[in-house]
Amino acid sequence: MNAAQVVENLKCRFPNEPEYIQAVSQVLPTIEEEYNKHPEFEKANLIERLCIPDRVIEFRVTWVDDKGQVQTNMGYRIQHNNVIGPYKGGIRFHKSVNLGILKFLAFEQTFKNSLTTLPMGGAKGGSDFSPRGKSDAEVMRFCQAFMNELYRHIGPDIDVPAGDIGVGGREIGYLFGQYKKLTHEWSGVLTGKGREFGGSLIRPEATGYGTVYFLLSMLSTRNIELAGKSVLISGSGNVAQYAAEKCIQLGAKVLTLSDSDGYIYDPDGIDREKLDYVMELKNIERGRIKEYADEYPNAVYHAGERPWGEKADIALPCATQNEINGDEAKTLVANGVIAVAEGANMPSTPEAIEAFQSAKILYAPGKASNAGGVSVSGLEMSQNSERLSWTAEDVDNRLKVIMKDIHDNCVKYGTESDGYINYEKGANVAGFMKVAKAMMAQGIV
Ligand SMILES: NC(=O)C1=CN([C@@H]2O[C@H](COP(=O)(O)OP(=O)(O)OC[C@H]3O[C@@H](n4cnc5c(N)ncnc54)[C@H](O)[C@@H]3O)[C@@H](O)[C@H]2O)C=CC1
Ligand SMILES: O=C(O)CCC(=O)C(=O)O
């Protein structure tokens with residue numbers, strides 16, 4: 001394989017999908033050497049078959065808003081690769097959603113799910129519908145309309161969606177209810193369900209907690225403790241909230257949270273009580289993070305900015321893709337940041353990753369550090385199949401084991417000759433090799 005040439009070909013075939021090309025361009029150079037040790041891969045044109053999704057499903061979603069007006073949105077499901085298990089990955093509802101963004105997420109998900117040690121293929125889906133500013137009834141009608149098409153493409157052994165940006169417990173409940181109505185069957189077809197109907201304990205916490213468990217493993221390679229360290233977190237949704245919760249529990253000082261309008265900086269640190277306020281604000285009242293500064297006057301709200309100019313020991317980007325650019329990464333490094341663990345998918349631009357790696361700080365790509373969410377989704381699938389519910393302690397312990405395993409695999413495949421652990425390369429090679437071997441075993445299909 002010539003990575004640059006494969007990327008160039010994909011760019012010509014998919015010229016309007018910059019995020020997808022970005023994700024592929026980040027992965028291929030890191031696996032090129034390992035791939036080329038296996039001439040049988042090239043003979044089977046494995047790389048093209050791995051980069052191009054198995055299936056792209058695109059549909060119109062029609063629903064009626066509270067004023068009685070008929071609205072249309074686009075719906076998508078990208079079924080990327082199912083060689084190691086049923087397609088699996090979240091659904092995103094956000095106005096920015098398009099095919100290229102979902103294709104990058106599905107591509108990344110395939111490598112991530114491979115790393116989890118569980119049998120799950122990769123997928124992603126979503127819509128350009130934004131739940132922001134919509135009533136509960138509108139969100140419900142939209143979810144029902146979305147499922148009216150999606151249901152024929154998914155199933156507990158076919159494709160198991162879950163949440164992502166804009167899709168939390170409320171949306172999963174409505175999607176599940178409609179799937180059940182349409183198919184006349186109860187099955188574990190979605191994960192992130194409510195506890196009362198087959199959801200797993202710790203699934204809401206899992207992505208944020210898992211990111212911090214991964215961070216702990218990274219820090220331990222340099223004998224550094226998390227307690228007492230200051231942390232910048234972006235986002236204030238599911239991943240950010242539980243990353244903050246775990247940092248607080250472990251004695252770190254969380255200084256920032258953000259949303260798409262700006263960020264808050266709290267010099268006193270966000271403690272348990274303040275985090276409860278954020279959870280209520282974001283999950284129940286569906287308000288904006290700027291209200292935090294009204295509630296806690298010592299905090300400062302920065303409209304239209306991201307938190308990366310603040311000084312801290314650790315950065316956990318937990319909002320969205322490309323939210324740290326090269327200059328912001330250089331600022332973080334200059335301000336003494338020692339570790340960056342991505343809770344979001346692809347939050348660092350290629351220039352930012354380059355800045356972290358050339359400064360030799362600890363840097364974990366999302367497909368490794370945020371894999372806790374989909375891992376516990378995999379555990380939810382197991383519990384649904386068994387018709388059992390495990391305790392929170394049991395699930396949390398399994399999550400810790402999985403995150404440690406992912407970390408150790410990154411160390412195995414990513415340690416460079418000078419001892420620096422290139423977690424990006426390690427995650428890509430480890431994730432790739434498992435999928436590649438399964439693809440070879442299953443023939444040219
Ligand atoms: N929920 C999950 O289990 C997993 C989520 N992720 C990733 O984590 C990230 C956050 O997802 P969730 O917390 O689930 O979503 P969420 O919808 O609960 O929260 C998203 C947060 O990001 C902020 N945000 C969205 N777009 C933004 C933009 N353009 N600029 C600045 N802030 C923006 C929102 O204001 C919100 O605070 C995404 O990249 C998602 O793909 C990754 C693994 C699993
Ligand atoms: O839990 C899942 O299936 C998907 C989580 C997800 O969307 C992700 O890992 O990015």
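Note that Cβ sites are derived from N, Cα and C of the backbone, with glycine treated the same way.
Per TrEMBL, the features are:
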type	residues	note
BINDING	LYS88, GLN109, LYS112, GLY163, SER377	substrate binding site
ACT_SITE	LYS124	active site, proton donor
SITE	ASP164	site 'Important for catalysis'
BINDING	THR207, ASN238	NAD(+) binding site
Candidates GLN109, ASN238, SER377, namely the binding-site residues, that fall within 10 Å of LYS124 (active site, proton donor) by Cα distance: GLN109
Where the C-beta lies under 6 angstroms from ligand 2, the matching binding-site residues among GLY163, THR207, ASN238: none
Where the C-beta lies under 6 angstroms from ligand 1, the matching recorded positions among LYS88, LYS112, LYS124, ASN238, SER377: ASN238
Residues within 8 Å of the LYS88, GLN109, LYS112, GLY163, SER377 Cβ centre (excluding the substrate site residues themselves): GLY89, GLY90, ASN113, MET120, GLY122, ALA123, LYS124, ALA162, THR191, GLY373, VAL374
Cβ neighbour count (within 10 Å, all chains shown) around GLY163 (substrate binding site): 27
Rounded distance in angstrom between the Cα atoms of GLN109 (substrate binding site) and ASN238 (NAD(+) binding site): 18
Minimum Cα separation from LYS88 (substrate binding site), reported as the residue among recorded positions ASP164, THR207, ASN238 that achieves it: ASP164
Under 8 Å by Cβ from LYS112 (substrate binding site), counting only residues of that chain that are 6 or more apart: GLY122, GLY366, LYS367, ALA368, ASN370, ALA371, VAL374, GLY431
Candidate recorded positions ASP164, THR207, ASN238, pick with smallest Cα gap to SER377 (substrate binding site): THR207
